[in-house]
Amino acid sequence: VLSSHDKSNVKGLFGKVGGHLEEYCAETLARMFAAYPQTKTYFPHFDLQPGSAQVKAHGKKVAGALAEAANHIDDIASALSKLSDLHQHKLRVDPVNFKLLAHCFLVVMAIHHPSLLTPEVHASLDKFLCAVGTVLTAKYR
């Protein structure tokens, strides 16, 4: 459960990096595909090279979902309901992949904004990303 302090930390971080979120999410995907090659199976038709148009386009979608979740941090489940349905019924992404993506996102944030990613903010962002992953896999059952 995200505390009010966690919510404030997440919103503050997203406010500071918002203009780069799409770029960071594309970098996150490229990092995930390189570090965890099994995640590539969901994108057989993509050019998965870092910086490819398809990775950038999907990074934009991930950024949009994260921004939507952050903007509706008090009700992430409603904000991402349609995306949750898509992942359950059509995409059938292995739930562990959301954890891998979250880890890679934390790494990218630490690379680009080490001074912003204090231990408190890191913990809050990790909890937020776990909440997003939980929402996206909640309908799998």
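Including glycine, each Cβ sits where the backbone N, Cα and C put it.
Lifted from Swiss-Prot, the feature list:
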{"type": "BINDING", "residues": "H58", "note": "O2 binding site"}
{"type": "BINDING", "residues": "H87", "note": "heme b binding site"}
{"type": "DOMAIN", "residues": "1-141", "note": "domain 'Globin'"}
Message: At 10 angstroms around each C-beta, which of the binding-site residues H58, H87 has the fewest other C-beta atoms nearby?
response: H58
- request: For the residue listed as 'heme b binding site' and the residue listed as 'O2 binding site', determine the Cα separation and express it in whole Å.
  value: 14
Query: If you average pLDDT over the domain 'Globin' (1-141), what do you get?
result: 94
